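J.: Sharing a structure, written as structure tokens. Questions coming.
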Amino acid sequence: MTVREQVARASRVVVKVGSSSLTTADGGIDPDRVRALVDALAGVRARGAEVVLVSSGAIAAGLAPLGLSRRPGDLATQQAAASVGQGMLVHRYNEEFARHGVVAGQVLLTVDDMTRRSHYRNAYRTFARLLELGVLPVVNENDTVATSEIRFGDNDRLAALVAHLVHADLLLLLSDVDGLYDGNPANGGATMLGEVVSDADLDAVRTGGSGSSGVGTGGMQTKVEAARIATGAGIPVVLTASALADRALAGDHVGTLFHPTGRRRPTRLLWLAHATEAQGRISLDAGAVRAVTERRASLLPAGITGVSGSFVGGDPVDLVDPDGVPVARGLVNYDADELPALLGRSTHDLARELGASYEREVVHRDDLVLLPRG
Ligand SMILES: Nc1ncnc2c1ncn2[C@@H]1O[C@H](COP(=O)(O)OP(=O)(O)O)[C@@H](O)[C@H]1O
Ligand SMILES: N[C@@H](CCC(=O)OP(=O)(O)O)C(=O)O
């Protein structure tokens, strides 16, 4: 089966739509555009496919009711706008899906839901049950509680992680532009890429600047990152304009098709490797580097030679080799100021001296991803 055929026959599709595709020029929700999107999604459902919609637009939808004309720069006002706008957005979707007899359900996610093991399992179960019940999940980041340090900030990468979580066989990224160009088409003279088969095809692509709408956040860069996350996990991606959603879902040659480059991996930690910023660095001696990268062992205090950065238990940190090169990223089990006293010591000694809770790994192997070495 060709990748185009895979697209046309996809049975579980994650569709991500950007703020710029859902709102009017002055910032409110555009009912006609929501309706057109819902009609396209209902069409795929009618042919038996399951759909998960990742929809931006909460902040944009909340601007007008708050008397704001542009997306605010400060996080607190963005959160307030999202709080007002999310309800309005979901209300619009409910009304439109109801015309097709489709029940929609709201799912608001945080970075933690995508990284912490228990949350990830919980999110997986929720999606699985919703889909079993025939519900169409409408996902957004939980903007009102996400803080700037632990925030996706854009829904492109969130959509890629959701696609992996729900084992989707297609990710469709919808925007106000009809595909990926070799430069920002708003500046003219750019050419669209029909297909991206490997990372090398992206070498000549420039992704600076986000659209003219003033409501989108990620621009093209985060869409390319999202496409790389999904294709690296074996999921094909189509990037196109929301007006072309129905044609893209039918497998027509529209937009940019990103071919899968890797295979699905049983990891909930894609986010860690691709899209999060480490809050600190832990330096490993050569033996610990081998243990972590070759034997896939947990990181213990004995193999650590230094710590930098300010992090608390649960934060992402980079594990670096003796030359300072990051070799893995993981969720750390200690605060930065607890670690110096433990360095180089065996867990056995630490447990005897400080108590059984100090027997825990610094980074558990299940919370660790290896970084590509370049
Ligand atoms: N190489 C590129 N190809 C296509 N669009 C690009 C490129 N570089 C920048 N852009 C801009 O990115 C915009 C889409 O990003 P954004 O406004 O964040 O969308 P959304 O709200 O859909 O997430 C396009 O309107 C386009 O002007
Ligand atoms: N969670 C935010 C989405 C952030 C955003 O604007 O993303 P996007 O338009 O996809 O670049 C919202 O609903 O407003």
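Quick reminder: no glycine exception, Cβ is built from N, Cα and C everywhere.
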J.: Return the residue out of Ser21, Ser56, Ser69, Ser242 that TrEMBL annotates for the same substrate site as Asp143, Asn155.
T.: Ser56
J.: Among Lys16, Asp143, Asn155, Thr222, please name the binding-site residues whose Cβ is nearer than 6 Å to ligand 1.
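T.: Close enough to ligand 1 is none of the binding-site residues.
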J.: Below 8 Å Cβ to Cβ and six or more residues apart, same chain only. Which residues does that give for Thr222 (ATP binding site)?
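T.: In sequence order, the residues whose Cβ lies under 8 Å from that of Thr222 (ATP binding site) (at least 6 apart) are Asp154, Asp156, Arg157.
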J.: In DSSP terms, helix, strand or coil for Thr222 (ATP binding site)?
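T.: SS state of Thr222 (ATP binding site) = helix.
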J.: Could you check which of the binding-site residues Asp143, Met220, Thr222 have their CB within less than 6 A of ligand 2?
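T.: By the Cβ criterion, which requires under 6 Å to ligand 2, the hits are Asp143.
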